[in-house]
Structure formats: structure tokens, C-alpha cells
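Beneath this line is the structure, given in C-alpha cells, with notes to follow.
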């Protein structure tokens, strides 16, 4: 069996780490990009599972030769459609937030704000 | 049997298409929605009747034999949850229809009906999915519908909240996909039965990693502490009818997925200690959150997080009795959470908001409302003879039987959480329901009751009453329900029967 190339595995690792890094940012646009990259990372990791990825899919091979595994491709396609649809939705939401507030920063958590309000009197005294 | 299994999935999807075409005629849209969900309720009841003795019904789409084709599987657990969730979906739809007739909601009914039916299809597919990828698709269908629903009547707060909700859900979906990729790399299949069969031979360390990954994936979706922060920020912001269905179903579908994967795929002692710790932490942290909130919707959201812990506790015990308790608790919790959020919707209708700082005397405003709140709230705390008591007794009994440090820790946390839930409820009760109502609230009530929208208000009250009645019925049917719960639990623990039912006798 042809093992997945190390390059592909490294690409998956880089995509995951940069995706999660962007996901943790304040700006909603960066969050959307993070989701986008994470989607690619997941799709690519589906393809890495194909142990015969270097072989031709369906056409182009010699008769009787083994083909690459179609199932990961099918699953990746479905996942691409889903992430594509949801990303457009996220973009629309981010745009809406920007229209409403003129910025797209994620605000502090409601509880955090309540706690910091509780703390304020002590600071001033 | 084949056709019946496809009904809960295909009928709502067709219904969604029809309601989308009928968007200019609200009346026929309502009729289509109600009919569709009634058909699903009947199909689910038939499925439960068929599987009540532990039979596992399977359907192979396009006659492609498992593990090649798409498999739908109904065992007692999924059939029971399917029935309860479709009843709840039907009642909430009627409530929403009442609200629309009365012109009391800012939702867009043209969008609401199709999306609601798509959500139904997604929930049902998740319950019936026989392979991991279909489970993923079911979740995505359900969640994508929920993204659209949570932004109904978009205000600033709602758009912000839905952004967070969508991002968190999507992150967990991507992790789910990663998990599927890893499972496929390890076993070469995604069919649940086949994976269960082949994971036996996998190295224990890898199996453990996969079990924990799936626990994180579904833990995010089920709002298990410490992955719960998104829930109390997003659910209370949505329209009440929508948060009712979210609170009742979405997290519970995820709990079902946790139970299904952890019992069928990883049916070993790998994760029970982790599960027990998570269950205890979820119970305590969730209810402590509820105690300090001052908005009824937020209190109920934190209570929801807390009570997810009970179901995980049943799963962590890993015994037949523990899983039976978890299944009964799921049923009870779906109904009770939906009722409480519908009641919150009525409160919002009468007072305009649900903040405890500014509500008093709801008992005087509407005695029916007080009863509708009191019964499910006490049931949530687990007071006899309500359904929460039945579910908690089943769980605690299982915990005592199992013994051991973790079981006793879970029991202690469960008892403490029940008491704290009672305190949280009485805070709401004394602040919001006792006292004399503000005069302007009474005036608004008179206007509401005499105006053109009183018909709608009546339907809303009646459907909330129906939901309370379902809750009482769950308590009355405690005997048969526990019996089905035990059959379901035995089925969950007997992975061999599941594998044989799906793959046929020829399976190893």
C-alpha cells in the first residue's frame, strides 16, 4: 500500500493549527477565515485516509490496476458542500454585525462583564 | 418495515418543500406542517410498537447491503426518543401557529415552517442513522436549520449570539469530520455496526483517543461543562418557540449520540471514569450558574446544562439500570425543558420580558400560567410524583447498585443538584409569581385578552397545557416507560445484537 505522503500530513497539521489560531481571534472576519481553513483541514484529512491516493481514480489507469478509494472523496465532497453553505451564512452574519455595530469584534462574555462590573468599586476606593 | 423507517426522514423533507412552495398562503402552510408532523408521530409510535421487545429494525437504502449502502436503524432507544421528540415538535409547532394567528410574534412564518420541518428531518435522521457519516449529515441538517431559526427576527443581540452559536457548532462539526476520517483510516468503514466490529481489533490507545475525540465533539453539542459556555449566551436570545425546541431537542440529540457511540463503538471501560467526572462537574457548575442568574430564560438554560450531567451519569455507570435511567431521563427532560420554555414564552407575552428584577404577581395575572410553570419546574427538581422523580429514582437506584467511589460521587452531586434546582425554582417562584402585579401589566393583559389576538393567546395557552399534560403522562406511564427503558438499555449494551441486525447473521 502507498502510505500517505509526509507532506500531506504536514499540510493537515499546519492547516489545523492556523485554523484554530484564527478561530480564537476577536475579529469575526478572522473567525470566518479560521472556519474556512479548518474545513479544508478536515477535508484533507479525509483524503489522507485513502491509502491508495497516488493511484488514478476511475479513469487513466491500466486495466486491472487498483483504483484509489472513492469513499473519502465522496465524504469530502459532502463536507465541502456543507462547509461552503455555512461559510456563506457566517459571512452574511458577520456583515450584518458590521452593519449594526460598525465593527466586527466579538464582545466580552456577559458573565465576564458582570464580574468586572462587580469588581470596579473596589478599584476606585 | 423498510418504508416505515424512511418516513420520519422523508416526509418532513417533502413537507418542507411543500411549505416553501405554499409560502404565500399561511393557512395551507400551517395545515401542511401539522399534517407532516402528525404523520411522523404516527410513524414513530408504530416504530416504537415494533421495537418495544428489543427488536432492531433496519432499512438498507437502495437495497445496497450494509456496510456498503446507507443504513437506517431503529432500536428501542431511538424509536422512543423519536416518538417523544416528534410529539414535542408537533406541540411546539401548534404553539407557534397560535402565536402567528394572534399576530403575537415577530417571526417570519414563511421561513419558519420550511426550516422547522428541515430541522425535524435532521433530528430524525440523527436518531435513525446507521453510520457515522449519516449521523454527521443528520447533525448538519439539524444545525443548519437551527442557524436559520436562531436568526429569526434578527435584532443586534440575536445576530451576535447566532454568530457565536454557529461558530461553536461548526467547530464541533469539523472535529466530528476529523473523527470520521480517523475512524475510516483505522477501520476502512463508517457503518456503525461494522466499525464496532472492527474496532475490537484496534490498539486500545487509539481506541481511547477516538472515544475521547467523539466525547469532545458531542460534548460541545450537548453543552457539557467545560464546553457549555455558548449555550446560555445563545438559547435565551432566540425567539421563545425556537429556544423551546432547541432546549428540548438539540442538546438531547447530542446526548443520544454520546450514548450511541460510547456504548456501541467503545463499549469498554475506557471512558467511564472520565464520563463520571464530567457528569459530576456538569451537574454542579450548571446549577451554580442558574442560581446567580436574574433572567428566567437564562436560569432555565443553566438548569438545562446542569441536568445534562444526570444523563451522562447514567451512561458512566455503564450498567443496564444506569443506561435505562439515562434513557428515561432523556424522555423526561425533553418534555420538561420544552414546557418550561413555552411557559417563558407566555410570560414574555404577558409582561414583555423575562427578567426577574421586574416581574411580580404572575399568579394574579394568570393562574393557569402559574400551574403550567409549577408542575414542570417541580418535575425538573425531581419532586414526587412527577416524571423527574421517576427518572431520578431510576438513576439513583442504578448508582447505589453499581457502588464504587465515582458512583457515590455522582449520587451526592445528583442529590445536591436536585436541591439547588429546587432553590433556583423557588427563587423564580417567589420573585415572579408571588406579590401584586404592576397595574400596567394587568392593563396589558386585559388588552391582550380582549383584543383581536385573544384567539392566538388561547391556542398558546392550550398547547402549553398540552405539553404539561404530556409531562404528567410521562409520570403516569412510569411503569411501561421504565420497562421500555430497560429493554433499550439492554439493547445498547448488547452490541452483538446490533451488529447482527445490521450486517446479517453472517457477521463475525
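Backbone N, Cα and C atoms are what each Cβ position is placed from, and that goes for glycine too.
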The annotated transmembrane segment range in TrEMBL, which must be one of B:431-454, B:455-478: B:455-478
B:137-161, B:162-186 - the one TrEMBL records as transmembrane segment: B:162-186
Among ranges B:330-354, B:405-429, whichever one TrEMBL labels transmembrane segment: B:405-429
Residues from the same chain, set at least six apart from the ends of the transmembrane segment (B:110-127), whose C-beta lies under 8 A from its own: 8-10, 12-13, 15-17, 19-20, 23-24, 26, 29-30, 32-33, 36-37, 40, 74, 78, 81-82, 85-86, 89, 93, 96, 134-135, 137-146, 148-149, 152, 245, 249-250, 253, 256-257
Long-range environment of the transmembrane segment (B:405-429) - Cβ separation under 8 angstroms, sequence gap at least 6: 272-273, 276-277, 279-280, 283-284, 286-288, 290-291, 296, 299, 303, 306-307, 309-310, 313, 316-317, 356, 373-374, 377-378, 380-383, 392, 395-396, 399
Chain residues in Cβ proximity to the transmembrane segment (B:299-320) (below 8 Å; excluding those fewer than six residues from its ends, i.e. six or more beyond): 222-225, 228, 231-232, 235-236, 243, 247, 251, 255, 258-259, 262-263, 269, 272-273, 275-276, 278-287, 289-290, 293, 326-327, 329-330, 333, 337, 340-341, 344, 356, 380, 391-392, 395, 398-399, 401-402, 406-407, 410, 413-414, 417, 421, 424, 427-428, 486, 489-490, 493
Among the ranges B:32-49, B:80-98, B:162-186, B:271-292, B:455-478, the one whose Cβ pairs under 8 Å to the transmembrane segment (B:238-259) are most numerous: B:80-98
Among B:162-186, B:206-231, B:271-292, B:455-478, stretch most in contact with the transmembrane segment (B:80-98) (C-beta, under 8 angstroms): B:455-478
